Amino acid sequence: MTPNAETALAEDTQAPVGPDGTRVRLRAEGVRLGYGERVVVDDLDLDVLQGTVTAVIGPNGCGKSTLLRALGRLLRPTRGHVLLDGRKIDEMPTKQVATVLGLLPQAPTAPEGLTVGDLVARGRHPHQAWYRQWSGDDEEAVAEALAWTGISDLAERPVDELSGGQRQRAWISMALAQGTDLLLLDEPTTFLDLAHQVEVLELVERLHEERGRTVVMVLHDLNLAARYADRLVAMKAGRIVAQGEPADVITEPLLREVFGLEAKVITDPVAGTPLVVPVGTR
Amino acid sequence: MAAPTRPTLDPAAREVLERVPGRRPFRRGRVSGVWRPRNVLVLVVSLVVLVLAVALNVGRGEFPIGIPDVLATLVGGGDPSQRFIILELRLPRSLTGLLVGGALAVSGAIMQSIARNPLASPDIIGITWGASAAAVTLIVLGGAGLVGALAAVGLPIAALVGGLVAAIVIYGLAWRKGIQGFRLVLVGIGINTMLVAVVNWLLIVAQVYEAARATVWINGSLNARGWEHVVPVGIALLILVPAALVLSFVMGALQYGDDTARGLGVRVDRSRSLLLLVAVVLAGVATASAGPIAFVALVSPQIAQRLVGSSRPPIGASLVIGAALTVIADLVARTAFGGVELPVGVVTAVLGAPYLLYLLVTQGREARA
Amino acid sequence: MTVGSAPVVPTAGGRGRARSKRSLRRRRLIGLGALLVLLVLAVLASIAFGTKVIPLSHVWSALVAPTGTEDDIVIRSLRVPRTVLGVLVGIALGLAGALIQGHTRNPLADPGLLGVNMGAAFFVVVGIYVFGVTTLFGYVWFAFAGAMVASVAVFLLGSAGGRGGPTPVSLALAGAALSFLLSGLVSAIILIDTDTLDAYRFWNVGSLAGRDTAVAGQVVWFIVIGVLIALATAPALNTLSLGEDVARSLGQSVRRTRVLGIVAITLLAGGATAACGPIGFVGLVVPHVVRAFTGPDYRWLLPASGLLGAVLLLTADVVGRLVARPGELQVGIVLALIGAPFFIALVRRRKLVTI
């Protein structure tokens, strides 16, 4: 752990505690979010508990990504607050936040001709200064992040030459190199085929199980969300409709209410999680 | 709590390499960076070219002086007449060209990086024309009273203010939930058109004598530039280039788009405003000294980037290449057309525009591939 | 749409559509009528107002019963020809703009932005410098050729390597780049040769002033033929606006429509530029304004664009005469000052997609 992250965590004596005694890492308190005049999310509360993988689901335009952006201090709430370890995230120095919380925007863009090594190394930015751009710690963290995502041998390849799955792993690798124990991923599986979607989500699962990372991600695929997340947050029109364990959230009435979808929910024969089989839209 | 940055090796993970390929470290105490030999090579070679270009430019003219004599004079030798011609007449002109070219190139490198678009250079999006419009306004409306000290002090300041105002207007108009490169470029082209119209109108309103002065000015000329032109650009470069080098650390993160940069802990709006300010002041000062010399700001960073093989224009190499380019263009403008001396801006435009077209064609191809 | 409500919807929609169709038609007719009235007003203003103040009664007598006074000469030999030329050129530029935007499906397309102006300027300078041409009459052919070469070059460069044709951005940039290059060359030539500079200045002002009837007579046929081709291809443009693939699957010859389109654009924009020098932004602004009441149907859009083009050009010309007395402001400058903010507003408002 880097000194920065350590102090950031040690300071938060007032970090709130969830119902079962688990620490609340991120908390949204009555937030209103929007762009200009348009309000997308209003009066929303959410707790993200230490060591969980939370998936936010909901129909297009329900405010999932907006919520995630607010949790990652990319969007400032017009009302209410986002708390990181009990402190208002907007009042913390953004560089300090970056040592605790990493995020991967939806469809991030890399400059043309950039190599994978340089991309992943950029994740060390919060730990660097203009005169200290490639310390021993940086190099170790980057080498490990590359190894973790299995792209060490691609380090010298330009990012724009990679396949979709490789590229997504490179970006996740960058977020890893940042060395934060909180990760926000906005639709990390977009544009990937099923095998690559599973590959990326397995990576997330390993991060959680082996590294104890806390992950919040926006996902479109309900079945994958149910399998790889241990908490689901279902949103509709800027409100949270249901949250909890996948089996409690993915129900036939909820699918009807949130997605307007007639579906049967059966048990996934592989993972034992709920599996949605669509019947049709009403 | 298991949230380490450097945890024990995951057994399933592949072997962790000692080093990251392609990023050889350079470390001295607390200072560290990535050692990129190609950058250094490019910098050294272009410096040599620059020195030769200056020597050649200083040597050529009505009284030709050989390169050895020029170099000797520059280090303190040479006979008195040579010293006068070189040190009082020709060297200031070359130095102005060198500094102006360098300033424009650094300005272009910064703007291209933050807009993530090679076309967002100060000479395309109307910043140099903002400076020109202000200067021409002063020349025309200030009238005959504008001579001597007032002209020497007022004109550069007016140009600087004009460039800044144009930049603020363009940035403001292009801002919609963040800056998008192409929107910045197109808004800039629009503003540029208006500024050109304003300048044309001023040229019509003006008295003949002032119109002539203004015409020479807006073509970007190094003619009759003395030490008084060298000093302001020199000072600006001395202050702003180190600032740009320090800020370029943030620029690396800004290239990834606003969300990623914020996620990495960059104060995006503040950093970008600061960088933009540096770029605009550099372009404004350069334009104030020599008029809007076309395309140096666009082309030099692009050449530097391709030579170095990086993903964004390198500041140092851009500076030297921009300086060399301007001095060479001045040499051509002075000596290639017999008795007629063209403004240096005409030469850079005719050389630079085809490159811009090439850039568009290849960029389009890549974007669609 | 739910299955249960399906039977109800078509009739309701059908009735609604019929009503909206009628009101659209009425709106278009009113719009066209208003444009005609505005054009008449602009023509009258262009004849009545100028650098020289002439009382309206004298204007009237000059038109109906000329007696050979100085005022009569000013009106009959300067203002009337100038107004006629303005109407012609305005129609040409407005139509050319609508055509270019239609063919490129590009909201930012404009003859000026596509390098037509600098192309014409460059050829005129070459004509003066190399071939010693010195009359406006002679420039017309060079300007015409230059406009044509430049517009084709920009179109090709803008779509280089592309599959789906040029994008708004690539066209605008290719136009800007070519204009930069040509203006550099023009500067080089006129700075080397002062005689060329002297002759070129008079062409380059982008103005309706000082063009006699001979110039109008020379370009009128280009413009008339251009207008006819443009109007004839309107239905084909409607199909083409759904995309080339759809147009082709509807059995249209896309290539023929395109070639006719480029011919018409060149005739119109080239003719206008040849007569008046570089005038930008009419073609950009007009179709957007007109679209507000005609909708996307080119059978209405094209004629309305022509009319509004004439109104805009004449109005700008009159404004230019009035604001800078005793001199006058060239109409090209007035239009750049009006048009550029419009362009910026457009860039800001739209997501830069094809129309």
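Glycine too: its Cβ is placed from the backbone N, Cα and C atoms.
The transmembrane segment annotation in TrEMBL covers C:29-49 (among others).
According to TrEMBL, the feature transmembrane segment maps to C:83-100 (among others). Same-chain neighbours of the transmembrane segment (C:83-100): 39, 43, 46-47, 106, 109-111, 114, 208, 211, 213, 215-216, 219-220, 223, 226-227, 230, 237, 261, 264-265, 268-269, 271-272, 275-276, 279, 282-287, 290, 298, 301-302, 305-314, 317, counting only residues six or more beyond its ends whose CB sits under 8 Å from a CB of the stretch.
Nonlocal intrachain contacts for the transmembrane segment (C:112-132), taken as residues 6+ away from its ends with a CB within less than 8 angstroms of a stretch CB, comprise 100, 138-139, 141-151, 153-155, 171-172, 174-176, 178-179, 182-183, 185-186, 189-190, 193, 195-196, 199-200, 203-204, 206, 269-270, 273-274, 277-281, 283-284. Residues or ranges marked as transmembrane segment by TrEMBL: C:112-132 (among others).
Residues or ranges marked as transmembrane segment by TrEMBL: C:138-157 (among others).
Per TrEMBL, the feature transmembrane segment maps to C:169-192 (among others).
Under the heading transmembrane segment, TrEMBL lists C:219-238 (among others).
Look at TrEMBL and you will find C:259-286 (among others) tagged as transmembrane segment.
Taken from TrEMBL, the feature transmembrane segment applies to C:298-319 (among others). Counting same-chain residues at least six beyond the ends of the transmembrane segment (C:298-319), those with a Cβ under 8 angstroms from any Cβ of the stretch are 28, 31-32, 35-36, 38-39, 42-43, 45-46, 49, 82-83, 86-95, 97-99, 102, 208, 227, 230-231, 234-235, 237-238, 241, 279, 282-283, 285-287, 289-291, 329, 331, 334-335, 338.
If you look up TrEMBL, you'll see C:331-348 (among others) marked as transmembrane segment.
Taking residue pairs at least 6 apart in sequence, the transmembrane segment (C:259-286) and the transmembrane segment (C:219-238) share three or more C-beta contacts under 8 angstroms. Panel annotation: around the transmembrane segment (C:29-49), residues 56, 59, 63, 75, 79-80, 82-83, 86-87, 290, 293-294, 300, 303-304, 307-308, 310-311, 314-315, 317-318, 321-322 of the same chain, lying at least six beyond its termini, place a Cβ under 8 Å from a Cβ of the stretch. Same-chain neighbours of the transmembrane segment (C:169-192): 104, 106, 108-109, 113-115, 117-119, 121-122, 125-126, 129, 150, 153-155, 157-159, 162, 200, 352, counting only residues six or more beyond its ends whose CB sits under 8 Å from a CB of the stretch.
Remote same-chain partners of the transmembrane segment (C:138-157), defined as residues 6 or more beyond its termini with a Cβ less than 8 Å from a stretch Cβ, comprise 104, 111, 114-124, 126-128, 166, 171, 174-175, 177-178, 182, 203, 215, 218-219, 222, 262, 265-266, 269-271, 273-275, 277.
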